Amino acid sequence: MCFISFFFLFMFMLMNMVFMLYFLMSNTVVFLEWEILSFNSMNIVFSILLDWMSLLFMMFVSLISSSVIFYSKSYMSSELNLNRFIILVLMFVFSMMLLILSPNIISIFLGWDGLGLVSYGLVIFYQNIKSYNAGMLTVLSNRVGDVMLLMVIAWMVNFGSWNFIFYLELMKMDFCSWVISFLIILGAMTKSAQIPFSAWLPAAMAAPTPVSALVHSSTLVTAGVYLLIRFNSLLIGTEFLKMLLLVSGLTMFMAGISAVYEFDLKKIIALSTLSQLGLMMSILSMGFSDLAFFHLLTHAMFKALLFMCAGMIIHMLNDNQDIRYMGGLSIYIPMTSLCFNISNLSLCGIPFLSGFYSKDLILEMVSMSNLNFIIFFLYYFSTGLTVFYSIRLSLYLMVNEFNLFSVYNLYDEDYTMLKSMILLLFMSVVSGSFLSWFIFSYPYMIFLPINLKIMVIYVSVSGIIMGWLISSMNLYSLNKFLKFFNLSSFFSGMWFMPNLFTYGVNYSVLKLGNSLSKNIDFGWSELYSGQGFYNILKNYSIIFNMFLMSNFKIYLYSFVLWMLFMSMFMLKWF
C-alpha cells in the first residue's frame, strides 16, 4: 500500500507540475462546475478553480506527502496498523486538495473540517493519555475555526451564492464585508495557530514524526494562510489586518523565545514552524500575499526535511527526544546530519538556500514599508531568534559530546528513509530560486541604506554568537543564567498559553456547570419535577385513598353536614 500511494502521489505531482507551467506561461484560469445532482429546480454543483497558485500548491503538497509515505514504509515498519496509518494520511491529503481547489466556501469548509477531523485521528495514533490530551486540544482549537467558517457560510447567503471568488469585489461595498473579514481572519488564526490559539501546535507533536513532517509543514497549519491569500482582495484595507499584523508579529516573537528555552527536539521544530507561520501571516497582513505564498512553499520543503531528519535521529537514539542527551551525531550519521544541517541553515535564511530567497525578500520589503518601530523590532528580533535556536540546536546535536549511552550503535544506512530525504534535500536547496522565477513576473526593486540592507546580517551574526554561547555553557552556569532571568518558566511555557487556554478556559466553564448541576439538576428541578412531583402525587393519592376506603362513613358524615347546613340556612331566613 505504501508503494502504490507513493507512486500515485508522485505521478500526480508531475502532472500538476506540467499543468502549472502551462497555466503560468499562458496566464490561464480554468473554472470547472461538475453537476452532481439535478432534481426539479434544485441542483448541487461542485466547483473547481484551477490556476497557477492552486496547481503549484498541490504540486508541493503531493511531493511532500509522497516523500512522507515512502519514509513511513521504513519509519512505521514495526507498526501493526500501517495500512490504517497510510489511509489516514491519504484522507488528510485529499482534504487538503479539496481546500486548495475550491472557489466555494461550502467545499472549502468540507476540506477544512476534514483536516481537523483526520488530524485528530493522526495525533491520537499512539494511544496513550498524552496523545489523547494533545488530540483533544488540537481538535477543540480547530473547532473554533470551523464555527467561524460556518458563520461565513451563513453570512454569504446574502449574496445568493457560495462561490466567494465572484463576490470579493462586490463584498467590499457592503457591511457584510466587515463581518466576513473578521470571521475569516479569526478562522485562519485558529488553523495557523496564532496567539491566542498557539497552544495546540507544540502539543500536536504527540503524533508520529511522518505526520509532523506532513501536517506541521505543508498542510494543516498552512491552510489558514492559504485561505487568507484567497480572500486577500476582500481583506485589504480593513482594520482587522492591522490587528493581525500585531498578533502574528507577537506569535513569531513568542515562538522564537520559547524555542530558545526548549529541550525537546520535536517541540523546538514545532515552535520554529509557529514562528514561520507568524512571519507568513504578518507579511500577508501588510498586503504582500505573493510573498506569503512564496515563503509558505519554500518553508514547506525544508521544514518537512527537518522533521524527517529529527524522526530518524529519534529512532536511532532509542526514542529519546531530549537534545541534552545528543551530540557528536555528525561523526556517526553523516548523511542524516547533512540533511539536518542544510534544512536548518535554510530555516536561518543562509544565502542561496531556499529559505534565503523568501525570508530576505520579506525582511527587505518590511524595511521599505511605512511601519512603526514595534513591528520592525518584532520582525528583526524574531529573525535573530530563529538563527539563535537553529545554531543552538545544531551545536547540541552535532558538536557537543554524546551523552545517552556508554555503548551505542548508530547507523546511517536506512536507504528507504534516506531516498525520501534526499528528494526533499534537493528541493530545499533549489526551490527558492526556481519559485522566485515562477511566482514573480517582475523583480521587486528594493533600494535601502547600507545599514538597513545588512541589518539581517547583524541580527544573524548576533544569533550565531548567542547560540554558540548558550550551547557551550556547562550545567552550573546555565542554571545561574536561568535563575538570573527568573523567567524561564514564563518563556519556555509559551507565555503560559497552554495553561491559560486549557485550565483557564475549562475552570470557569466547569465551575458554572457544577453550580448549574447542583442548583438546577439536583435542586429546583428535583423539587418541582422528579422527586417533588412524586411527593405531590403520593400525598394526593393518600387523600384519595382515604376517601375511597371510608366511603360509607364519609357519605353519612357529609349527609349530617348537609342537614346541619340546611337547618342553619332555614333558621336564618324563616
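Every residue, even glycine, has its Cβ placed from backbone N, Cα and C.
What you see is a predicted model, and the numbers here were worked out from it, not measured in a lab.
Record features, source TrEMBL:
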type: DOMAIN; residues: 37-85; note: domain 'NADH-Ubiquinone oxidoreductase (complex I) chain 5 N-terminal'
type: DOMAIN; residues: 102-384; note: domain 'NADH:quinone oxidoreductase/Mrp antiporter transmembrane'
type: DOMAIN; residues: 389-570; note: domain 'NADH dehydrogenase subunit 5 C-terminal'
type: TRANSMEM; residues: 6-32; note: transmembrane segment
type: TRANSMEM; residues: 44-70; note: transmembrane segment
type: TRANSMEM; residues: 82-101; note: transmembrane segment
type: TRANSMEM; residues: 147-168; note: transmembrane segment
type: TRANSMEM; residues: 175-193; note: transmembrane segment
type: TRANSMEM; residues: 213-231; note: transmembrane segment
type: TRANSMEM; residues: 243-261; note: transmembrane segment
type: TRANSMEM; residues: 267-288; note: transmembrane segment
type: TRANSMEM; residues: 300-317; note: transmembrane segment
type: TRANSMEM; residues: 329-354; note: transmembrane segment
type: TRANSMEM; residues: 446-469; note: transmembrane segment
type: TRANSMEM; residues: 554-571; note: transmembrane segment
Which residues of the same chain, at least 6 past either end of the transmembrane segment (82-101), have a Cβ under 8 Å from a Cβ in it?
1-2, 5, 9, 48-50, 54, 57-58, 61-62, 65, 68-69, 72, 76, 107-108, 110-112, 114-115, 118-119, 121-122, 125, 208, 210-211, 214-215, 219-220, 223, 226-227
When secondary structure is assigned with DSSP, how many helix, strand and coil residues does the domain 'NADH-Ubiquinone oxidoreductase (complex I) chain 5 N-terminal' (37-85) contain?
28 helix, 12 strand, 9 coil
Long-range Cβ neighbours of the transmembrane segment (6-32) (under 8 Å; 6 or more residues past either end):
47-52, 55-56, 58-59, 62-63, 65-66, 69-70, 73, 93, 103, 165, 438
Stretch-averaged pLDDT - the domain 'NADH-Ubiquinone oxidoreductase (complex I) chain 5 N-terminal' (37-85):
88
